[in-house]
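Q: Take a look at this one; I'll ask things after.
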Amino acid sequence: MKRSKFPDSLSRAKERAEDYGAMKEVKSTTKLVSDAKDIRITVNKTDGEEVMADSGAPVDRGAWDNKLEFLLSCLSFAVGLGNIWRFPYLCYRNGGGVFLIPYVAMLLTTGLPLFFFELCLGQFGQEGPLTIWKICPLFTGLGLSMVMVAFFIGLYYNVIIAWAFFYLFSSFTASLPWASCDHWWNTEACRRFDSKNCTLHDGLMAMNGSCYYRDEVTPEQWRHLNATFMQSKLPADEYFHNFMLDISEGFHEEDGHHLQWHLSLCLILAWVVVFLGLFRGVSGMGKAVYFTALFPYCVLLILFARAVTLDGYSNGIAFYLTPKWEKLLEVKVWADAAMQIFFSLGPCWGGLITLASYNKFNNNCLRDALTITVANCLTSFFAGFVIFGIVGFMAHEMGVPVEAVAAQGAGLAFIAYPEAVARLPISPLWAILFFVMLLTLGLGSQFTIVQTVITSVVDVFELREHYMKVCVGMCVVGCSLGLSMCTKHGMYILQLLDDYSGTYSALMIGAIELTVVCWVYGIDNFMEDIKKMLGDYPTLKYYWKATWCFLTPLSVVLILVFTFVDYSPSSYGHYAYPTWANVLGWSISFTCIAAIPIRAVILVSTKSGPVWARITALCRPTAGWGPPDGHKDGRELPPIDSRTPLALEDEEYEMEPESSSQRATRNWSAQADEDDEEEEEEEEDGLHMKLGSRK
């Protein structure tokens, strides 16, 4: 091996500087790192540099113990509460079985392409959403936007899990507390009498239990009876609002900021469970998802077996599936299908990138994407048979049409379904099973949401040695902020976050990330990256290129436009939010998105040279972008000689200003090089910096 001339030149330069008295102090701006293969300069710290423990050994980032853990984690993340409490309702509202046509169409043009896209991005880059954007540094703000969305969603999602804990604990009793109107939290509006026989004969039941028919009363009395009946509430409704939430009349109530101790304790428990599932890193999470991913299916099967034996089951299923073909002509039906598939699979929150980043580099993520997306859709469809079977039974028991009791969201999970369960024999058993299922569905998604934030913090600040401390900090911060939703105002705050934090911002993130990768980085470059992972281009290569470049971005933009057009200020029940609350909601949405241009402006302003040249440089991948070293393609920039100024294209490579002693050293080094012309033949073996490149 030929001898490098730089150490000798530097040594002679220092000796001559000392002889001339020009060097009083030598401050080294380079760190020589040698190994068995080469000598390189490390300036500051590169993106690809390994985090070293105190012992000098690299700190392992972590990985899935086996492929099944990754599949179950993705399934647990995708199959969440929305599959149970939203899809069945959308299906009946948008034409029954006909809704499956736009749903599958949106799966193929929006859901599946985005899901596969983010799995590829995370698996190739092997980093979380904050640091993955080395692929195009100008848009590193995208990662911050994703993490902010995940953080806000994680705050209120765990409050819903706390509600499920509260209902679960309340179910361990001989008689469910929401089964009657005989409690202190019940009001005069609570339905104390069974109105089934009355309503079946087109009558209305008064609050005293008397049944009246239209021909027995005056028109004025009938209108009064009808208004009274419409204002009446189910026992489960009053248990949810009056007891568990103890909800205020609105933000204007002064005592609405007092904490509800029972909800606060349940929220603390929820965050403790999240910590226990994540404190060991992705390995511990991989074990937890065996339960959170599989147990809900066991409960769904048990509840389905019970539902088919109930009176009114067939009416509920008919209501769920009866096709209404004219609905296909309504734009809102297609928009609902697109939004449901988008938010059900959970792209653009950073969760999929995080999960895929712990994969083996050669994992077949295409097969995983197909498996998870299909399983997610089938789960939603099957859940409808369970939910509407129970709802049909409830409508039969109350003697009202199915549409009178059909609901979505929290109203289905914590009012309609508990009310139906309370009418079953051995009702506590069915309540326990249902709320354990809700817990596992919620925790499975929450694990990934919180892991996304933790992974991002650990990656960007290189805190792999302190992973547990970061996990503790995240759980403490999340719990502290979440306590605001355990007050009498809590439901209004939760609804505000649900309306604004993950809707508009997530859609904009989806459109931007597809544009950046496909049109700035280049779809052909991205396809080559996928080829390195899978060994060949993905099946239906041109389908993926067409969807990523055109169909999916267009679909996401159309969803965004329709969401804006369909916008209405936030409300809950009959309470309309004040203007300042809606302004706060929009601020949350645009704060998440504002991170993208703000970060881009900061990066451009810290460079020197023409503005367009800075932007162009920042649109090229950094040296740290790409797979682990063992999978690099071997392409490198031309060797950089030790005397060549470093370009400003990559912000990591910026040298400190030279002192007078350093300039003297450099000048004497140059003179020494001229004296040693016989060594010029060794130039190709001289010192150079190893940098990756992208074509």
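Quick reminder: no glycine exception, Cβ is built from N, Cα and C everywhere.
Just so you know, TrEMBL annotations are computer predictions that nobody has curated.
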Q: Look at the disulfide annotations in TrEMBL and name the partner of Cys190 from this list: Cys181, Cys198.
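A: Checking TrEMBL: disulfide partner of Cys190 resolves to Cys181.
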Q: Applying the under-8 angstroms CB criterion, which one of 259-279, 370-395, 504-522, 584-604 scores highest with the transmembrane segment (466-484)?
A: 259-279
Q: Given the Na(+) site residues Ala78, Val79, Asn83, Ser344, Asn376, Leu441, Ser445, which other residues of that chain have a Cβ within 8 Å of the mean position of their Cβ atoms, reported in sequence order?
A: Leu75, Ser76, Phe77, Gly80, Leu81, Gly82, Leu345, Gly346, Thr379, Ser380, Gly444
Q: Please indicate, using numbers and ranges, the residues of the same chain that are 6 or more beyond the transmembrane segment (429-454) and have a C-beta under 8 Å from a C-beta there.
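A: Result: 73, 75-77, 79-81, 83-84, 128-129, 146-147, 150-151, 153-154, 157-158, 160-161, 164-165, 167-168, 171-172, 176, 273-274, 277-278, 282, 285, 288-289, 291-293, 295-296, 299-300, 302-303, 306, 346, 349-351, 353-355, 413, 417-418, 421-422, 467, 470-471, 474-475, 478.
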Q: Given the binding-site residues Ser344, Asn376, which one has the fewest other C-beta atoms within 10 angstroms of its C-beta?
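A: Ser344, out of the binding-site residues Ser344, Asn376, has the fewest neighbouring Cβ atoms within 10 Å.
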Q: Hey, how far is Leu441 (Na(+) binding site) from Cys181 (disulfide bond), Cα to Cα, in Å?
A: 30
Q: Please identify the stretch among 142-169, 259-279, 288-308, 337-358, 370-395 with the greatest number of Cβ pairs below 8 Å relative to the transmembrane segment (100-121).
A: 337-358
Q: Counting CB pairs under 8 Å, which listed stretch among 142-169, 288-308, 337-358, 370-395 touches the transmembrane segment (584-604) the most?
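A: Answer is 142-169, with the largest number of Cβ pairs below 8 Å.
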Q: Looking only at C-alpha atoms, tell me how far Asn376 (Na(+) binding site) is from Cys190 (disulfide bond), rounded to the nearest Å.
A: 38
